[in-house]
(Lines of atoms letter the chains of each structure in order from A and count residues from 1; the text may use other names and numbers.)
(Lines give C-alpha, C1' and ligand atoms only; values in the text may rest on other atoms or scores of the structure.)
Protein backbone atom coordinates (compact mmCIF):
# COMPACT_ATOMS: atom_id res chain seq x y z
CA UNK A 1 0.00 0.00 0.00
CA UNK A 2 2.86 2.38 0.74
CA UNK A 3 4.37 1.78 -2.70
CA UNK A 4 1.00 2.37 -4.38
CA UNK A 5 0.59 5.55 -2.35
CA UNK A 6 4.04 6.68 -3.42
CA UNK A 7 3.15 6.15 -7.07
CA UNK A 8 -0.10 8.07 -6.60
CA UNK A 9 1.54 11.02 -4.82
CA UNK A 10 4.77 11.09 -6.80
CA UNK A 11 4.35 9.69 -10.28
CA UNK A 12 0.81 10.75 -11.16
CA UNK A 13 1.09 14.54 -10.49
CA UNK A 14 4.46 14.95 -12.19
CA UNK A 15 3.89 12.55 -15.08
CA UNK A 16 0.28 13.47 -15.88
CA UNK A 17 0.27 17.20 -15.11
CA UNK A 18 3.66 18.83 -14.67
CA UNK A 19 5.52 17.06 -17.48
CA UNK A 20 2.83 17.69 -20.17
CA UNK A 21 2.65 21.35 -19.19
CA UNK A 22 6.40 21.81 -19.55
CA UNK A 23 6.39 19.87 -22.82
CA UNK A 24 3.53 22.09 -24.15
CA UNK A 25 1.32 19.10 -24.72
CA UNK A 26 -1.48 19.96 -22.34
CA UNK A 27 -2.88 23.16 -23.76
CA UNK A 28 -6.51 22.22 -24.39
CA UNK A 29 -7.68 20.18 -21.39
CA UNK A 30 -5.80 20.68 -18.17
CA UNK A 31 -6.21 19.98 -14.51
CA UNK A 32 -5.04 23.52 -13.92
CA UNK A 33 -8.21 24.87 -15.51
CA UNK A 34 -9.83 24.37 -12.11
CA UNK A 35 -7.04 26.15 -10.25
CA UNK A 36 -6.08 29.76 -10.89
CA UNK A 37 -2.57 31.18 -10.79
CA UNK A 38 0.70 29.61 -11.88
CA UNK A 39 2.24 29.88 -8.42
CA UNK A 40 -0.70 28.12 -6.80
CA UNK A 41 -0.59 25.39 -9.42
CA UNK A 42 3.09 24.70 -8.79
CA UNK A 43 2.54 24.76 -5.02
CA UNK A 44 -0.16 22.11 -5.33
CA UNK A 45 2.08 19.90 -7.46
CA UNK A 46 5.04 20.31 -5.11
CA UNK A 47 2.83 19.60 -2.10
CA UNK A 48 1.41 16.41 -3.59
CA UNK A 49 4.64 15.22 -5.18
CA UNK A 50 6.87 15.87 -2.19
CA UNK A 51 4.69 13.68 0.03
CA UNK A 52 5.59 10.72 -2.16
CA UNK A 53 8.94 10.37 -0.38
CA UNK A 54 7.08 9.82 2.90
CA UNK A 55 5.59 6.62 1.54
CA UNK A 56 9.03 5.39 0.50
CA UNK A 57 10.54 6.15 3.90
CA UNK A 58 7.69 4.53 5.80
CA UNK A 59 7.58 1.36 3.70
CA UNK A 60 11.33 0.72 3.71
CA UNK A 61 12.14 1.87 7.23
CA UNK A 62 9.28 0.17 9.07
CA UNK A 63 9.71 -3.10 7.16
CA UNK A 64 13.45 -3.29 7.77
CA UNK A 65 13.25 -2.33 11.45
CA UNK A 66 10.62 -5.03 12.02
CA UNK A 67 12.77 -7.54 10.13
CA UNK A 68 15.94 -6.70 12.12
CA UNK A 69 14.74 -5.60 15.58
CA UNK A 70 18.09 -6.43 17.17
CA UNK A 71 19.99 -4.18 14.76
CA UNK A 72 17.58 -1.28 14.58
CA UNK A 73 20.26 1.36 15.06
CA UNK A 74 22.39 0.33 12.06
CA UNK A 75 19.27 -0.33 9.96
CA UNK A 76 17.83 3.14 10.57
CA UNK A 77 21.23 4.77 10.08
CA UNK A 78 21.92 3.07 6.74
CA UNK A 79 18.45 3.68 5.30
CA UNK A 80 18.23 7.30 6.41
CA UNK A 81 21.81 7.83 5.24
CA UNK A 82 20.97 6.81 1.70
CA UNK A 83 18.04 9.21 1.80
CA UNK A 84 20.56 11.98 2.40
CA UNK A 85 22.72 10.82 -0.51
CA UNK A 86 19.85 10.28 -2.93
CA UNK A 87 20.08 13.78 -4.38
CA UNK A 88 23.79 13.44 -5.17
CA UNK A 89 23.23 9.98 -6.65
CA UNK A 90 20.42 11.23 -8.91
CA UNK A 91 22.61 14.10 -10.06
CA UNK A 92 25.31 11.72 -11.24
CA UNK A 93 22.83 9.43 -12.99
CA UNK A 94 21.17 12.33 -14.80
CA UNK A 95 24.60 13.60 -15.90
CA UNK A 96 25.22 10.23 -17.55
CA UNK A 97 21.90 10.20 -19.42
CA UNK A 98 22.39 13.69 -20.94
CA UNK A 99 18.85 15.04 -20.54
CA UNK A 100 17.92 17.22 -23.55
CA UNK A 101 15.50 19.55 -21.72
CA UNK A 102 13.77 20.17 -18.39
CA UNK A 103 10.57 18.45 -19.47
CA UNK A 104 12.43 15.18 -20.06
CA UNK A 105 14.11 15.54 -16.67
CA UNK A 106 10.72 15.88 -14.97
CA UNK A 107 9.48 12.82 -16.85
CA UNK A 108 12.44 10.69 -15.70
CA UNK A 109 12.07 11.83 -12.09
CA UNK A 110 8.36 11.00 -12.22
CA UNK A 111 8.66 7.60 -13.92
CA UNK A 112 11.86 6.36 -12.25
CA UNK A 113 10.68 6.15 -8.62
CA UNK A 114 7.29 4.84 -9.74
CA UNK A 115 8.93 1.97 -11.63
CA UNK A 116 11.05 1.18 -8.59
CA UNK A 117 7.87 1.05 -6.51
CA UNK A 118 6.24 -1.47 -8.82
CA UNK A 119 9.41 -3.58 -8.94
CA UNK A 120 9.91 -3.73 -5.17
CA UNK A 121 6.36 -3.62 -3.80
CA UNK A 122 6.31 -7.41 -3.31
CA UNK A 123 9.87 -7.64 -1.98
CA UNK A 124 10.14 -4.95 0.72
CA UNK A 125 8.10 -6.31 3.58
CA UNK A 126 8.60 -7.43 7.19
CA UNK A 127 10.22 -10.87 7.30
CA UNK A 128 9.34 -12.94 10.35
CA UNK A 129 12.60 -14.38 11.68
CA UNK A 130 12.43 -15.83 15.18
CA UNK A 131 16.08 -16.67 15.63
CA UNK A 132 19.05 -15.69 17.71
CA UNK A 133 21.71 -13.33 16.44
CA UNK A 134 24.37 -14.95 14.32
CA UNK A 135 28.00 -13.92 14.12
CA UNK A 136 27.54 -13.32 10.40
CA UNK A 137 25.11 -10.47 11.15
CA UNK A 138 27.87 -8.27 12.55
CA UNK A 139 30.18 -8.94 9.62
CA UNK A 140 27.34 -8.29 7.16
CA UNK A 141 26.50 -4.92 8.68
CA UNK A 142 30.18 -3.98 8.84
CA UNK A 143 30.50 -4.76 5.13
CA UNK A 144 27.51 -2.53 4.35
CA UNK A 145 28.99 0.21 6.56
CA UNK A 146 32.23 -0.01 4.60
CA UNK A 147 30.32 0.34 1.33
CA UNK A 148 28.51 3.39 2.73
CA UNK A 149 31.76 5.11 3.67
CA UNK A 150 33.32 4.21 0.33
CA UNK A 151 30.27 5.59 -1.46
CA UNK A 152 30.41 8.88 0.45
CA UNK A 153 34.14 9.27 -0.24
CA UNK A 154 33.60 8.45 -3.92
CA UNK A 155 30.86 11.06 -4.31
CA UNK A 156 32.99 13.67 -2.60
CA UNK A 157 35.92 12.90 -4.88
CA UNK A 158 33.75 13.04 -8.00
CA UNK A 159 32.31 16.37 -6.87
CA UNK A 160 35.76 17.88 -6.38
CA UNK A 161 36.98 16.62 -9.75
CA UNK A 162 33.95 18.01 -11.58
CA UNK A 163 34.38 21.42 -9.92
CA UNK A 164 38.14 21.66 -10.41
CA UNK A 165 38.65 20.10 -13.86
CA UNK A 166 36.99 20.26 -17.25
CA UNK A 167 36.26 16.56 -17.74
CA UNK A 168 35.44 14.77 -20.95
CA UNK A 169 31.92 13.39 -21.41
CA UNK A 170 33.21 9.81 -21.48
CA UNK A 171 34.72 10.25 -18.01
CA UNK A 172 31.52 11.89 -16.76
CA UNK A 173 29.61 8.86 -18.06
CA UNK A 174 32.02 6.48 -16.32
CA UNK A 175 31.44 8.03 -12.88
CA UNK A 176 27.74 7.01 -12.61
CA UNK A 177 28.55 3.48 -13.82
CA UNK A 178 31.00 3.02 -10.95
CA UNK A 179 28.44 4.61 -8.63
CA UNK A 180 25.74 2.10 -9.61
CA UNK A 181 28.18 -0.77 -9.01
CA UNK A 182 28.91 0.55 -5.51
CA UNK A 183 25.19 0.86 -4.78
CA UNK A 184 24.60 -2.76 -5.82
CA UNK A 185 27.52 -4.19 -3.82
CA UNK A 186 25.51 -4.72 -0.56
CA UNK A 187 23.45 -7.39 -2.35
CA UNK A 188 26.48 -9.64 -1.82
CA UNK A 189 25.52 -9.99 1.86
CA UNK A 190 22.15 -11.78 1.43
CA UNK A 191 23.58 -13.90 -1.40
CA UNK A 192 26.41 -15.15 0.81
CA UNK A 193 24.02 -15.77 3.71
CA UNK A 194 21.74 -17.87 1.53
CA UNK A 195 24.53 -19.87 -0.10
CA UNK A 196 26.92 -20.41 2.80
CA UNK A 197 24.88 -20.15 6.01
CA UNK A 198 24.18 -23.28 8.03
CA UNK A 199 20.50 -24.15 7.61
CA UNK A 200 18.48 -24.96 10.71
CA UNK A 201 15.64 -27.38 10.90
CA UNK A 202 12.14 -25.94 11.38
CA UNK A 203 11.89 -27.50 14.85
CA UNK A 204 15.19 -25.96 15.92
CA UNK A 205 14.24 -22.59 14.43
CA UNK A 206 10.93 -22.62 16.30
CA UNK A 207 12.68 -23.18 19.62
CA UNK A 208 14.95 -20.18 19.21
CA UNK A 209 13.82 -16.86 20.64
CA UNK A 210 15.29 -13.41 20.08
CA UNK A 211 17.29 -12.27 23.12
CA UNK A 212 15.56 -8.89 23.16
CA UNK A 213 12.15 -10.57 23.24
CA UNK A 214 13.25 -12.82 26.07
CA UNK A 215 14.66 -9.86 27.97
CA UNK A 216 11.44 -7.93 27.50
CA UNK A 217 9.39 -10.84 28.77
CA UNK A 218 11.58 -11.32 31.81
CA UNK A 219 11.43 -7.60 32.46
CA UNK A 220 7.67 -7.80 32.90
CA UNK A 221 7.69 -10.89 35.14
CA UNK A 222 7.78 -8.67 38.21
CA UNK A 223 4.77 -6.75 36.97
CA UNK A 224 2.81 -9.96 36.37
CA UNK A 225 3.73 -11.25 39.82
CA UNK A 226 2.64 -7.97 41.39
CA UNK A 227 -0.74 -8.28 39.72
CA UNK A 228 -1.26 -11.90 40.71
CA UNK A 229 -3.06 -10.90 43.92
CA UNK A 230 -5.52 -8.88 41.87
CA UNK A 231 -5.85 -11.76 39.46
CA UNK A 232 -6.90 -14.09 42.26
CA UNK A 233 -9.97 -11.97 42.90
CA UNK A 234 -10.82 -12.11 39.22
CA UNK A 235 -10.40 -15.88 39.23
CA UNK A 236 -12.74 -16.21 42.18
CA UNK A 237 -15.33 -13.94 40.57
CA UNK A 238 -15.19 -15.35 37.05
CA UNK A 239 -14.63 -18.99 38.01
CA UNK A 240 -16.40 -19.67 41.32
CA UNK A 241 -16.54 -23.40 40.60
CA UNK A 242 -12.80 -23.67 40.02
CA UNK A 243 -11.48 -26.02 42.68
CA UNK A 244 -7.88 -26.39 43.72
CA UNK A 245 -6.65 -29.90 43.14
CA UNK A 246 -3.78 -31.49 44.95
CA UNK A 247 -0.95 -33.47 43.53
CA UNK A 248 -2.45 -36.68 44.88
CA UNK A 249 -5.26 -36.46 42.33
CA UNK A 250 -2.92 -37.36 39.48
CA UNK A 251 -0.68 -35.47 37.06
CA UNK A 252 -3.37 -35.15 34.38
CA UNK A 253 -5.70 -33.30 36.74
CA UNK A 254 -2.84 -31.13 37.92
CA UNK A 255 -1.93 -30.13 34.36
CA UNK A 256 -5.56 -29.40 33.55
CA UNK A 257 -5.88 -27.24 36.64
CA UNK A 258 -2.65 -25.39 35.87
CA UNK A 259 -3.83 -24.65 32.33
CA UNK A 260 -7.17 -23.29 33.54
CA UNK A 261 -5.52 -21.25 36.27
CA UNK A 262 -2.91 -19.84 33.90
CA UNK A 263 -5.60 -18.86 31.42
CA UNK A 264 -7.55 -17.06 34.12
CA UNK A 265 -4.47 -15.27 35.46
CA UNK A 266 -3.40 -14.25 31.95
CA UNK A 267 -6.84 -12.82 31.23
CA UNK A 268 -6.76 -10.87 34.48
CA UNK A 269 -3.28 -9.51 33.79
CA UNK A 270 -4.35 -8.39 30.31
CA UNK A 271 -7.34 -6.55 31.77
CA UNK A 272 -5.16 -4.78 34.31
CA UNK A 273 -2.59 -3.82 31.67
CA UNK A 274 -5.31 -2.60 29.34
CA UNK A 275 -6.61 -0.39 32.11
CA UNK A 276 -3.19 1.02 33.06
CA UNK A 277 -1.85 1.28 29.49
CA UNK A 278 1.31 -0.25 28.02
CA UNK A 279 4.71 0.06 29.63
CA UNK A 280 8.06 1.00 28.10
CA UNK A 281 9.06 -1.48 25.44
CA UNK A 282 5.51 -2.59 24.71
CA UNK A 283 3.48 -1.63 21.66
CA UNK A 284 2.00 1.88 21.92
CA UNK A 285 -0.53 3.51 19.68
CA UNK A 286 0.02 7.17 18.82
CA UNK A 287 -2.62 8.32 21.31
CA UNK A 288 -1.08 6.17 24.06
CA UNK A 289 2.41 7.47 23.29
CA UNK A 290 1.19 11.06 23.35
CA UNK A 291 0.04 10.49 26.92
CA UNK A 292 3.62 9.71 28.01
CA UNK A 293 6.18 12.30 29.08
CA UNK A 294 9.02 10.42 27.35
CA UNK A 295 7.40 10.92 23.97
CA UNK A 296 6.97 14.67 24.32
CA UNK A 297 10.44 15.20 25.80
CA UNK A 298 11.89 13.37 22.81
CA UNK A 299 9.71 15.38 20.43
CA UNK A 300 10.77 18.77 21.80
CA UNK A 301 14.40 17.65 21.87
CA UNK A 302 14.06 16.95 18.15
CA UNK A 303 12.28 20.28 17.60
CA UNK A 304 15.24 22.15 19.06
CA UNK A 305 18.12 19.99 17.86
CA UNK A 306 16.96 19.02 14.37
CA UNK A 307 15.28 22.40 13.94
CA UNK A 308 18.59 24.17 14.59
CA UNK A 309 20.38 22.00 12.05
CA UNK A 310 17.71 22.55 9.41
CA UNK A 311 17.84 26.30 10.04
CA UNK A 312 21.54 26.42 9.20
CA UNK A 313 21.04 24.21 6.14
CA UNK A 314 18.23 26.40 4.80
CA UNK A 315 20.25 29.59 5.29
CA UNK A 316 23.61 28.31 4.02
CA UNK A 317 23.26 30.36 0.82
CA UNK A 318 22.80 33.60 2.74
CA UNK A 319 25.58 32.65 5.16
CA UNK A 320 28.03 32.28 2.27
CA UNK A 321 26.77 35.49 0.65
CA UNK A 322 27.19 37.47 3.87
CA UNK A 323 30.83 36.37 4.13
CA UNK A 324 31.52 36.98 0.44
CA UNK A 325 32.10 33.32 -0.39
CA UNK A 326 30.77 32.17 -3.77
CA UNK A 327 31.35 28.43 -3.26
CA UNK A 328 27.81 27.73 -2.11
CA UNK A 329 27.58 24.44 -4.02
CA UNK A 330 30.69 23.14 -2.28
CA UNK A 331 29.30 23.84 1.19
CA UNK A 332 25.93 22.34 0.29
CA UNK A 333 27.73 19.20 -0.84
CA UNK A 334 29.75 19.17 2.39
CA UNK A 335 26.50 19.35 4.34
CA UNK A 336 25.02 16.52 2.26
CA UNK A 337 28.01 14.22 2.82
CA UNK A 338 28.17 15.15 6.52
CA UNK A 339 24.45 14.47 6.81
CA UNK A 340 24.97 11.00 5.37
CA UNK A 341 27.93 10.25 7.65
CA UNK A 342 25.97 11.51 10.66
CA UNK A 343 23.07 9.17 9.97
CA UNK A 344 25.33 6.16 9.46
CA UNK A 345 27.63 6.94 12.39
CA UNK A 346 24.74 7.83 14.69
CA UNK A 347 23.09 4.48 14.14
CA UNK A 348 26.35 2.57 14.59
CA UNK A 349 27.66 4.27 17.73
CA UNK A 350 24.26 4.36 19.42
CA UNK A 351 24.06 0.60 18.84
CA UNK A 352 27.50 0.20 20.43
CA UNK A 353 26.28 2.13 23.48
CA UNK A 354 23.22 -0.05 24.05
CA UNK A 355 24.93 -3.34 23.18
CA UNK A 356 28.21 -2.97 25.04
CA UNK A 357 27.15 -0.78 27.95
CA UNK A 358 23.35 -1.33 28.23
CA UNK A 359 22.97 2.45 28.44
CA UNK A 360 20.14 4.51 26.92
CA UNK A 361 20.56 5.20 23.22
CA UNK A 362 19.48 8.83 23.68
CA UNK A 363 22.80 9.63 25.39
CA UNK A 364 24.34 9.58 21.89
CA UNK A 365 21.79 12.20 20.85
CA UNK A 366 22.78 14.42 23.78
CA UNK A 367 26.45 14.18 22.72
CA UNK A 368 25.53 15.07 19.13
CA UNK A 369 23.50 18.09 20.24
CA UNK A 370 26.38 19.29 22.42
CA UNK A 371 28.70 18.93 19.40
CA UNK A 372 26.30 21.01 17.30
CA UNK A 373 26.32 23.66 20.01
CA UNK A 374 30.12 23.83 19.85
CA UNK A 375 30.09 24.17 16.06
CA UNK A 376 27.51 26.96 16.18
CA UNK A 377 29.47 28.73 18.91
CA UNK A 378 32.58 28.51 16.72
CA UNK A 379 30.77 30.41 13.99
CA UNK A 380 29.35 32.94 16.44
CA UNK A 381 32.90 33.78 17.57
CA UNK A 382 33.98 34.42 13.97
CA UNK A 383 37.01 32.13 14.01
CA UNK A 384 38.98 30.89 11.00
CA UNK A 385 37.19 28.36 8.77
CA UNK A 386 33.85 29.02 10.42
CA UNK A 387 31.75 28.03 7.39
CA UNK A 388 33.39 24.62 7.14
CA UNK A 389 33.01 24.01 10.86
CA UNK A 390 29.34 24.96 10.98
CA UNK A 391 28.57 23.05 7.77
CA UNK A 392 30.20 19.82 8.98
CA UNK A 393 28.91 20.00 12.57
CA UNK A 394 25.31 20.86 11.69
CA UNK A 395 25.14 18.47 8.74
CA UNK A 396 26.56 15.61 10.80
CA UNK A 397 24.40 16.43 13.82
CA UNK A 398 21.20 16.85 11.84
CA UNK A 399 21.69 13.47 10.19
CA UNK A 400 22.52 11.72 13.46
CA UNK A 401 19.28 12.97 15.02
CA UNK A 402 17.13 10.73 12.85
CA UNK A 403 19.07 7.49 13.16
CA UNK A 404 19.29 7.79 16.96
CA UNK A 405 15.86 9.17 17.82
CA UNK A 406 13.89 6.82 15.57
CA UNK A 407 15.70 3.74 16.85
CA UNK A 408 15.08 4.87 20.44
CA UNK A 409 11.40 5.48 19.70
CA UNK A 410 11.02 1.93 18.38
CA UNK A 411 12.57 0.59 21.60
CA UNK A 412 10.49 2.69 23.97
CA UNK A 413 7.14 2.54 22.17
CA UNK A 414 7.27 -0.74 20.25
CA UNK A 415 7.30 -1.75 16.61
CA UNK A 416 3.62 -2.45 15.99
CA UNK A 417 2.71 1.19 15.29
CA UNK A 418 6.22 2.41 14.49
CA UNK A 419 5.16 3.84 11.13
CA UNK A 420 2.67 6.22 12.76
CA UNK A 421 5.09 7.24 15.51
CA UNK A 422 7.91 7.76 13.00
CA UNK A 423 5.89 10.08 10.77
CA UNK A 424 4.69 12.09 13.76
CA UNK A 425 8.24 12.57 15.07
CA UNK A 426 9.43 13.82 11.67
CA UNK A 427 7.10 16.80 12.10
CA UNK A 428 9.55 18.06 14.75
CA UNK A 429 12.14 19.17 12.19
CA UNK A 430 9.95 21.56 10.12
CA UNK A 431 8.28 22.74 13.33
CA UNK A 432 11.60 23.83 14.79
CA UNK A 433 12.77 25.33 11.51
CA UNK A 434 9.52 27.28 11.13
CA UNK A 435 10.24 29.19 14.31
CA UNK A 436 14.05 29.27 14.36
CA UNK A 437 14.48 30.11 10.67
CA UNK A 438 11.24 31.94 9.90
CA UNK A 439 11.23 34.06 13.05
CA UNK A 440 14.64 34.14 14.75
CA UNK A 441 17.13 33.98 11.86
CA UNK A 442 15.15 36.09 9.41
CA UNK A 443 14.37 38.78 11.99
CA UNK A 444 18.00 39.14 13.03
CA UNK A 445 19.21 39.15 9.42
CA UNK A 446 16.68 41.80 8.37
CA UNK A 447 17.58 43.96 11.36
CA UNK A 448 21.29 44.06 10.57
CA UNK A 449 20.62 44.47 6.84
CA UNK A 450 18.45 47.50 7.61
CA UNK A 451 21.07 48.98 9.94
CA UNK A 452 23.80 48.57 7.32
CA UNK A 453 21.58 50.16 4.64
CA UNK A 454 20.84 53.13 6.89
CA UNK A 455 24.52 53.55 7.64
CA UNK A 456 25.46 53.49 3.94
CA UNK A 457 22.71 55.97 3.01
CA UNK A 458 23.73 58.32 5.82
CA UNK A 459 27.31 58.26 4.59
CA UNK A 460 26.19 58.92 1.02
CA UNK A 461 23.36 61.44 1.41
CA UNK A 462 23.77 62.75 4.94
CA UNK A 463 21.87 62.36 8.18
CA UNK A 464 18.68 64.00 6.87
CA UNK A 465 17.96 61.24 4.36
CA UNK A 466 14.39 59.95 4.32
CA UNK A 467 14.49 56.25 5.25
CA UNK A 468 10.81 55.49 4.88
CA UNK A 469 11.53 52.25 2.97
CA UNK A 470 14.23 50.52 5.02
CA UNK A 471 14.07 47.15 3.21
CA UNK A 472 14.46 48.42 -0.39
CA UNK A 473 17.43 50.09 -2.03
CA UNK A 474 17.32 52.77 -4.68
CA UNK A 475 17.45 50.09 -7.39
CA UNK A 476 14.36 48.40 -5.92
CA UNK A 477 16.43 45.39 -4.78
CA UNK A 478 16.14 43.60 -1.48
CA UNK A 479 18.71 44.57 1.11
CA UNK A 480 21.62 42.25 1.77
CA UNK A 481 23.55 41.93 5.00
CA UNK A 482 27.33 41.64 4.88
CA UNK A 483 29.79 40.39 7.46
CA UNK A 484 29.92 37.84 10.23
CA UNK A 485 27.44 39.84 12.28
CA UNK A 486 24.56 38.77 10.01
CA UNK A 487 24.38 35.25 11.46
CA UNK A 488 26.67 35.36 14.50
CA UNK A 489 23.83 36.22 16.89
CA UNK A 490 21.60 33.64 15.21
CA UNK A 491 24.23 30.93 15.67
CA UNK A 492 24.66 31.96 19.30
CA UNK A 493 20.91 31.55 19.85
CA UNK A 494 20.95 28.18 18.06
CA UNK A 495 23.90 27.05 20.18
CA UNK A 496 21.89 27.77 23.33
CA UNK A 497 18.87 25.97 21.84
CA UNK A 498 21.01 22.89 21.13
CA UNK A 499 22.29 22.89 24.70
CA UNK A 500 18.70 22.95 25.95
CA UNK A 501 17.90 20.07 23.59
CA UNK A 502 20.84 18.12 25.04
CA UNK A 503 19.45 18.73 28.53
CA UNK A 504 16.09 17.31 27.44
CA UNK A 505 17.86 14.27 26.00
CA UNK A 506 19.67 13.71 29.29
CA UNK A 507 16.31 13.79 31.07
CA UNK A 508 15.18 10.89 28.86
CA UNK A 509 18.46 9.11 29.66
CA UNK A 510 17.75 9.42 33.36
CA UNK A 511 14.16 8.24 33.00
CA UNK A 512 14.98 5.21 30.82
CA UNK A 513 18.27 4.08 32.37
CA UNK A 514 16.68 1.22 34.28
CA UNK A 515 14.67 0.11 31.25
CA UNK A 516 17.73 -0.14 29.01
CA UNK A 517 19.65 -1.93 31.73
CA UNK A 518 16.95 -4.59 31.92
CA UNK A 519 16.48 -4.77 28.15
CA UNK A 520 20.08 -4.95 27.00
CA UNK A 521 21.87 -6.04 30.15
CA UNK A 522 20.81 -9.65 29.64
CA UNK A 523 21.47 -9.67 25.91
CA UNK A 524 25.16 -8.97 26.53
CA UNK A 525 25.61 -12.24 28.42
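Any Cβ shown, glycine's included, is placed from N, Cα and C.
Residues annotated as domain 'Nodulin-like' in TrEMBL: 41-191.
Predicted-model confidence for the domain 'NFD4 C-terminal' (290-462) is 91, expressed as mean pLDDT. Sequence annotations record features per position, and here TrEMBL assigns domain 'NFD4 C-terminal' to 290-462.
Same-chain residues lying 6 or more positions outside the transmembrane segment (75-97) and placing a CB less than 8 Å from one of its CB atoms are 53, 57, 60-61, 64-65, 68, 105, 108-109, 144-145, 148, 151-152, 155, 158-159, 172-173, 175-177, 179-180, 183, 333, 336-337, 339-341, 343-348, 399, 402-403, 406-407. Per TrEMBL, transmembrane segment is recorded for 75-97 (among others).
For 103-123 (among others), the entry in TrEMBL reads transmembrane segment.
Within the chain, the transmembrane segment (143-161) has long-range Cβ neighbours (under 8 A, six or more residues past its boundaries) at 74, 78, 81-82, 85, 88-89, 92, 167, 175, 178-179, 182-183, 185-186, 188-189, 330, 333, 337, 340-341, 344, 348. Feature annotation from TrEMBL assigns transmembrane segment to 143-161 (among others).
Residues 89, 92-93, 95-96, 136, 140, 143-144, 147, 150-151, 154-155, 158 of the same chain, all 6+ positions outside the transmembrane segment (173-196), place their C-beta atoms under 8 angstroms from a C-beta of that stretch. For 173-196 (among others), the entry in TrEMBL reads transmembrane segment.
Residues or ranges marked as transmembrane segment in TrEMBL: 295-316 (among others). If one looks beyond the transmembrane segment (295-316) by at least 6 residues along the same chain, the residues whose Cβ comes under 8 Å of a Cβ in the stretch are 289, 328, 331-332, 335, 362, 365, 368-369, 372, 376, 390-391, 394-395, 397-398, 401-402, 405, 408-409, 412-413, 424-425, 428-433, 435-437, 440-441, 445, 487, 490-491, 494, 497-498, 500-502, 504-505, 507-508, 511.
Positions annotated as transmembrane segment by TrEMBL: 328-350 (among others).
Residues 298, 301, 304-305, 308-309, 312, 342, 346, 349-350, 353, 387, 389-390, 392-394, 396-398, 400-401, 404-405, 408, 487-489, 491-492, 494-496, 498-499, 501-502, 505-506, 508-509, 512 of the same chain, all 6+ positions outside the transmembrane segment (362-381), place their C-beta atoms under 8 angstroms from a C-beta of that stretch. Among the features that TrEMBL reports, transmembrane segment is placed at 362-381 (among others).
Marked as transmembrane segment by TrEMBL: 387-409 (among others). Only residues 6 or more beyond the boundaries of the transmembrane segment (387-409), in the same chain, are considered here, and those with a CB under 8 A from a CB of the stretch are 61, 65, 72-73, 76-77, 80-81, 84, 295, 298, 301-302, 305-306, 308-310, 312-313, 316, 319-320, 323, 325, 331, 334-347, 350-351, 360-362, 364-365, 368-369, 371-372, 374-376, 378-379, 418, 421-422, 425-426, 429, 491, 498, 508.
Under the heading transmembrane segment, TrEMBL lists 421-445 (among others). Listed as Cβ neighbours of the transmembrane segment (421-445) (distance under 8 Å, sequence separation of 6 or more from its ends, same chain) are residues 54, 57-58, 61-62, 284, 286, 289, 298-300, 302-308, 310-311, 314-315, 318, 401-402, 405-406, 409-410, 413, 481, 486-487, 489-490, 493-494, 497.
If you look up TrEMBL, you'll see 487-509 (among others) marked as transmembrane segment. Among residues of the same chain six or more beyond the transmembrane segment (487-509), those with a C-beta under 8 A of the stretch's C-beta atoms are 294, 297-298, 300-305, 307-308, 311-312, 315, 318-319, 322, 359-360, 362-363, 365-367, 369-370, 372-374, 376-377, 379-382, 390, 397, 408, 436, 440-441, 444-445.
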